[in-house]
Amino acid sequence: MIERGKFRSLTLINWNGFFARTFDLDELVTTLSGGNGAGKSTTMAAFVTALIPDLTLLHFRNTTEAGATSGSRDKGLHGKLKAGVCYSMLDTINSRHQRVVVGVRLQQVAGRDRKVDIKPFAIQGLPMSVQPTQLVTETLNERQARVLSLAELKDKLDEMEGVQFKQFNSITDYHSLMFDLGIIARRLRSASDRSKFYRLIEASLYGGISSAITRSLRDYLLPENSGVRKAFQDMEAALRENRLTLEAIRVTQSDRDLFKHLISEATDYVAADYMRHANERRVHLDQALAFRRDLYTSRKQLAAEQYKHVDMARELGEHNGAEGSLEADYQAASDHLNLVQTALRQQEKIERYEADLEELQIRLEEQNEVVAEAAEMQDENEARAEAAELEVDELKSQLADYQQALDVQQTRAIQYNQAISALARAKELCHLPDLTPESAAEWLDTFQAKEQEATEKLLSLEQKMSVAQTAHSQFEQAYQLVAAINGPLARSEAWDVARELLRDGVNQRHLAEQVQPLRMRLSELEQRLREQQEAERLLAEFCKRQGKNFDIDELEALHQELEARIASLSESVSSASEQRMALRQEQEQLQSRIQHLMQRAPVWLAAQNSLNQLSEQCGEEFTSSQEVTEYLQQLLEREREAIVERDEVGARKNAVDEEIERLSQPGGAEDQRLNALAERFGGVLLSEIYDDVSLEDAPYFSALYGPSRHAIVVPDLSQIAEQLEGLTDCPEDLYLIEGDPQSFDDSVFSVDELEKAVVVKIADRQWRYSRFPSLPIFGRAARENRIESLHAEREVLSERFATLSFDVQKTQRLHQAFSRFIGSHLSVAFEDDPEAEIRRLNGRRVELERALATHESDNQQQRLQFEQAKEGVSALNRLLPRLNLLADETLADRVDEIQERLDEAQEAARFVQQYGNQLAKLEPVVSVLQSDPEQFEQLKEDYAWSQQMQRDARQQAFALAEVVERRAHFSYSDSAEMLSGNSDLNEKLRQRLEQAEAERTRAREALRSHAAQLSQYSQVLASLKSSYDTKKELLNDLQRELQDIGVRADSGAEERARQRRDELHAQLSNNRSRRNQLEKALTFCEAEMENLTRKLRKLERDYHEMREQVVTAKAGWCAVMRMVKDNGVERRLHRRELAYLSADELRSMSDKALGALRLAVADNEHLRDVLRLSEDPKRPERKIQFFVAVYQHLRERIRQDIIRTDDPVEAIEQMEIELSRLTEELTSREQKLAISSRSVANIIRKTIQREQNRIRMLNQGLQSVSFGQVNSVRLNVNVRETHATLLDVLSEQQEQHQDLFNSNRLTFSEALAKLYQRLNPQIDMGQRTPQTIGEELLDYRNYLEMEVEVNRGSDGWLRAESGALSTGEAIGTGMSILVMVVQSWEDEARRLRGKDISPCRLLFLDEAARLDARSIATLFELCERLQMQLIIAAPENISPEKGTTYKLVRKVFQNTEHVHVVGLRGFAPQLPETLPGTQTEDTPSEAS
C-alpha cells in the first residue's frame, strides 16, 4: 500500500516572538495551546503563508481594523514579522520517501503601505540529519546567530552534494512542484484555483460551515467536463463554417457570367489603348534615340579630347613640378659637392694632427719611463740617506754613554754597575732572565748566528723587492694601457680584457686594410644603382603611357608584340573599304527578313498564348506536337487512375467516420444495444466502470478482459436469468459479470502478467493468452487517444479526397483544352519564335549601323594606336639593354651591405689609428697581467719587518757581546783590562762614527743632485703632456666639425658628388625640353575641343527639342507603367499580338469594347463613373484605373475560403471545378457533423450518473462522523426538475421539436436553449443570449443541486446550516465537508499525477476549545481513518491523549519579546516515545 505523504515540521525564522523555532508536526493532531497573544495564530499564519504565498488572498482576520471602510492594508502579515529576512518553511516526506522542504522568504518593505515581499523556494535531496534552522541561520557565538539571505542560502546549498535548490518567480510554478511531489492535493493552475484552495484552508482555520464553500460545492466537488463542451463547440463551428461556405458558393455561381463578360471586354478596351500608346511611344523613342546616339558620339569625342587635354595638362603639371624638384636636387647636389670638398680638406688636417699626436704619444711614454726611473732612484737615495742618519745617531748615543763613563772616576763600583746594567739590558733584550756572565758567551754565539740568519733573510728580501718593484712597474704600465683603450676596469679583469683587445685589434687591423677595396666596390655599386633607378624611371614612364603595369619578363615579348601590332595596323587600313561594302549588303538583307517575320508573328503569338495556358495548367513544357498528343493520352489514363483512388479514399474516410462514431458512444459501448441492455438489467457496462483508467493501464485491462471487455456488470446474475430467455436484440456474444458496480475490482480472474501480455486462467482447464493491443480502446483516455488519431487520419483523408476530386475535374477540363488547341494551333505553335528572330535581327541591324558609324573612328584609333606603338617601341629600345639591372632586386641591398661593411672598416681604421700604438706596446707585456703584483706592499712590509728583526738581532748580539766583554767587571781583579777594553771600544766607536758621518754626507749630496734632476724631468713631462692635450683637443674639435658636416670624406666621394651633379643637370635639361613640347600640343588640343563643343551644343539643342516633344506627348506614360506594375496587370494588358496592328485598328477595337462595357456596368455606379473618366484620351492612366477597378471589384466578390486565388481569371477556372464538388461534399459533411439530441441526453445523463456514484462513495466515509447531537453527515446530489424534463424530452420526444434541431439558422446550442425556454416559459432568461444559455445547458454541473445534510438528534436529516447547529457541531460538520472536498480533489487529480504518490492531507482548526471531548475524539478518529494531519489551536490545553501538544507563553525579557514553547507527547500507553528535545508530560522541558 502506498504510504501517504506527511508534513514533518514547521519552521519560523525571525517572526514576532519566534527567532528560530521548529514545530515537529504530529502524524495526526498537533495542538497549539496558549493564552491570548501567545503566538498560536502567528504559527498558523506562517504555515498558511508557506502553503499559499499569494498576497492577494492572505488575510488573517484577527488584525482587521474595526470600523475601517477599506480594511487593513496589512492583511495581518506585516505585523507578524520582524525587521530583516524572515522564513517560513515546511519539511515534508512524500509517498516516495523523498524529503522536500518548501517555504517562503518574507521581508517587510519600507513605506506606509506595510507591504511584505514574498519569495517561494523549494529544497530537495536534503539529508535527514540537517535541520531546517541549520540551513537559514549562521551561529556567531554561543548566544548570537544571524539569519542568512536567500542568495546566501542558495550558495550554502550549492556547496552540499546532491541538494537541489529552486527559487520560483511565480506561485503557479511553486504549486506545480508541490502538486507533482505530493504536497498538495490539487494542481492549482490559475488564481481561481488558488482562491478555492485558500477559501478551503480559511474555512478550516476559522471553523464552522463556510457559506463560500457550501454555495459553490459543485465547483469544489464536480470536475469540469471540458472535453464534451469543446466537442460541441468544434462541431457547431464546423457546421457554421459549412453553411457559410455553401451560401458563398451559391452567390459565386451567380457572379460567374459577370466575371467572364467584364474581364473579356475590359481587357480588350484597355489592352488595345495600352498597346497603341506603347507602339507610338516606341516610334518617338526611336527618333529620340537617334539624336541621342549622335549626341553621345560627339560627347565621346569631346570626352576623348578632354581626357587627352587632361592627360597632357597633368603631364605638363608633373613636368613643371618635376622641374622645381630637379632644380632643388641639382642645387642640393652642388652643395653636397662643396661639402665633400670641405670635408676632404678637414680630413687632411685631421690626419696631420693624428701624426703629430702619435709622435707626441711616443715621446710622452719615453719621458714617463725616464721620470719613473728617476723617481725610483730618488726613493733609493732617500732611504740610503735616512739609514745613514739613523746609524750616525746610534753611534753618537753609544759614544756619549761611554764618554760619560770615562768622565766619572774609574772605580770598580762604576764598572761593576755598568756590568750589572749591561747584564740587565742583555736579559731584557734577549729575553733571558737566567742569563749569567758565565753563560753569556754561549748565548752570544747563538744570537750571532741568529743575526747572521736575519741578515741573510734581509738580503734575500732586498733582492725580491728589486724584482717585485720591476714587475709592479710593468703591471702598472700594462694596466694603464688597457685602461686607456677600454676605459676604467677592475684590476682582476685586466688580463681578459687585454686579450680581448689584442684579438679585436687583429680583427680591426684586418678590417682597416679593406677600406680602400670596399670604397672602390661601393663606388661601382652606387653607379649601377643610379643606372637601375634611371631604368625604373623609364619603365614607370613607359607603363604610365601604356596605361598598364608590365613585369620585366614581359618587356621583350611586349616589344615583339608592339612591332607585330605596327605591322598589323598598317595592313588593316587596306581592308577597311571592303568591310564597309559587306556591312551595307548585310543590312539590306536584314530589312527584308524582318518585314516577313512581322507578318507571321501575330499568328504564332496566339498559338503560344494557348500553349502557355496549357503548360500552366498541366505544369509541363511541350517542345513538339508529338509530346502534346502523348500528354493527351496520359491525361486520359491519369483521369481513370484518379477516379479509382478517389473512390478508395472515400471508402476509407467513411470507415473512419463510422469508427469515430462508434468510439464516441457514452460509456465506451461500441454497440448502442449494450446501453439499453445495461439499463434493462440494472447493471453498468464494464467499459463505463473502467472509464477513468489511464492511457498507460489501458493495454493491460484490455488484454485482461479480452472479448469480455464489453460485458455488463450486474449485482446478481440469478435475477436476470429469466430476462435472457427470448432475448434477440443483442450482440452475437453478450458477456455478463456479477459484481458490485460501485466497488468493482479486477479480482474476477486469476491472471499472470507477462511481457506485454497476460495469461488469464478462466477455469482449471481453460486459459486465455492475450497480448497488449497496440491501439487500446479500453477506457475514456484510450478511446479519446484513438479518436484523436482517427480525427487526424480523417483530416488527412478528407484533404486527400478533396484533392483527388479537384484533380479529376481539373483533368477533365484540361482534356477539353488540349482538344481545342490541337484543332486550332498545333500546326504553328512549335515553329521558331518570330519575335525572337526579329529581336535578333534588329540587334544585328543595330550592330551593323554601329559598325558603320564607328568604322571611321576605328581608322583614327588605329592611327593613334600606331603612333603609340611606335612610341612604345622607342621606349623599349632604351629599356631592353637595362633589363639585367631591373631584374637585379638585390642591388640596393648589396649597396647597403657594402656601405655597412665600409662603415665598419672605417670605424676599424679609426680604432687602429687611435689605439694602434697602445696595442703594440701592450702586446709584449700582456703576460704580466696574468698575476696582479699587489703583493708588493706585503713584500715591503715583510722587508721592513725583516729589517727590524735584523736590527733587533744585532742589538741583542751587541748587548750579549757587551756582557761578554764586561765579564771582567764582575771581578775586582780585572780593572786594568777593563780600562784598556773601554779605551779600545771607545776608539772603535769613534772610527765608526766618522765613517757613518762621511757616508751621510755623500748620501745627502746625491739626494740633492738627483732631486734637481727629477724636477727637470718632471718639467719636461708636464710640457709634453700639455702639448699632447692641446693637440688632442684640436683633433677632437676637427673630428666634431667633420661629423657636423655629415659627409663621408673618402677618395671617391668628390668624384661621385660631381657625377651626381652632372646627371641632375642633364635631367633638368631634358625635362625643360619635354615641357616645351607639351605646351605646344596643349594649345592645339584646346582648339580642337572648342570646335567639338560648338558641334555638341547644336546636337544637344536638337535632342532636347525631340525629347521634350516625347515627354509632352506621353506625360502620363510613366504613371501608366507604374500603375500597371504596382497592380500586377502587365501580363493582362501587354498582349504582344496587338503590337503588330496599326493605330486605327487598335482604336476600333477599343471603341467596340467601350460600347459593351457601358452596358455591362450600367447598374454599378462606381464602375460606371470610373469608365466615364477613362474615356479621356489625354489621360491614358485612367483606363488602367478602370481596369484595376474592375479587377478589384471582381476580386472582392471572390470567396477566399472557396477559391484559392485572388486573380479573377484564375478564379473563373477554379469556380467551374470547385462549385459542384464543394456543394456535394459540404452537404454530406453537415449531415455527418450533426449530432442527435438523444446522444446529447445520453452523454449528460451518464456523466451525472458517474458523478452521483462518486459522491455516494464519498458519503460512505462520513457515515460514522458525529459531533455533539450530530450523528452523521451526508451530501445530497439531485437533478433539477426543469433540467430533468429537458433530458427526458431530448431522449424520448425529440421528434416533436425537430423544427429547432433541423433548422440551418440555429446552432445546436441555440436550439437547446430554445427548447429549454419552450419547456419552461415561466423562467426569466434575462439578457443572456440563446448561445450562452445553450452552452450552459451542455455543462452537466448545471443540472445538479448539491446540499449538505446532518442527522441531528430527534430531528432526523436536516439541511446543514449554521443557525441550526451549535458552534462545535458546525465546526465538526464543516470539517467533514472539507475532508470530503480534499478527498474529491485527490480522486480528480489521480490521473494527472503519478500513481505512486498519495498527497499530504492537512487541515487547521482555530479556537478548538469550543469542541467537547467527544467531538475532539471524533476528529482524532477521522484523522486516523483518513490519514489526515490536523493543527488545532485553543486558549487552554485540551490535553488530548493522542497527538502532540505545544504550550506557548509569550514573555518579555529586557525589552525583547519571545515565545516560550513546551512540547508534550500524548500520554496514551501505546505512544510512549517523546518528541526530540522534549520530555514527558510529568517532566516537561523547554523546547529549544
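Cβ coordinates come from backbone N, Cα and C, glycine included.
In sequence order, Pro1435, Val1449 constitute the residues six or more apart from Gly35 (ATP binding site) in its chain with CB-CB distances below 8 Å. In the three-state DSSP scheme, Gly35 (ATP binding site) falls into the coil class. If you look up Swiss-Prot, you'll see Gly34, Gly35, Asn36, Gly37, Ala38, Gly39, Lys40, Ser41 marked as ATP binding site.
If you look up Swiss-Prot, you'll see 326-418 (among others) marked as coiled coil, on the strength of sequence analysis.
Positions annotated as coiled coil by Swiss-Prot: 444-472 (among others).
Residues belonging to the coiled coil (509-602) score a mean pLDDT of 80 in the model. Taken from Swiss-Prot, the feature coiled coil applies to 509-602 (among others).
Marked as coiled coil by Swiss-Prot: 835-923 (among others).
Under the heading coiled coil, Swiss-Prot lists 977-1116 (among others), citing sequence analysis as support.
Annotated coiled coil per Swiss-Prot: 1209-1265 (among others), in sequence order.
Using DSSP to sort the residues of the compositional bias 'Basic and acidic residues' (1051-1065) gives these counts of helix, strand and coil: 13 helix, 0 strand, 2 coil. Sequence annotations record features per position, and here Swiss-Prot assigns compositional bias 'Basic and acidic residues' to 1051-1065.
According to Swiss-Prot, the region 'Flexible hinge' annotation covers 666-783, on the basis of sequence analysis.
As annotated by Swiss-Prot, region 'Disordered' applies to 1049-1074.
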Env. residues of ATP site, Cβ within 8 Å of mean position of Gly34, Gly35, Asn36, Gly37, Ala38, Gly39, Lys40, Ser41 Cβ: Thr42, Pro1435, Leu1448, Arg1450
Intrachain neighbours beyond the region 'Disordered' (1049-1074), with Cβ under 8 angstroms and 6 or more residues off its ends: 319, 322-323, 326-327, 329-330, 333-334, 336-337, 340-341, 343-344, 346-347, 515-516, 519-520, 522-523, 526-527, 530, 906, 1042
Per-residue Cβ crowding (10 Å cut-off), top of binding-site residues Asn36, Gly37, Gly39: Gly39
Cβ neighbour count within 10 Å of Ser41 (ATP binding site): 21
Cβ neighbour count (within 10 Å, all chains shown) around Lys40 (ATP binding site): 24
Assigned element (helix, strand, coil) containing Lys40 (ATP binding site), judged by DSSP: helix
Same-chain residues at least 6 apart in sequence whose Cβ lies under 8 Å from Gly34 (ATP binding site): Lys40, Pro1435, Lys1447, Leu1448, Val1449, Arg1450
Neighbour count (Cβ, 10 Å) for Ala38 (ATP binding site): 23
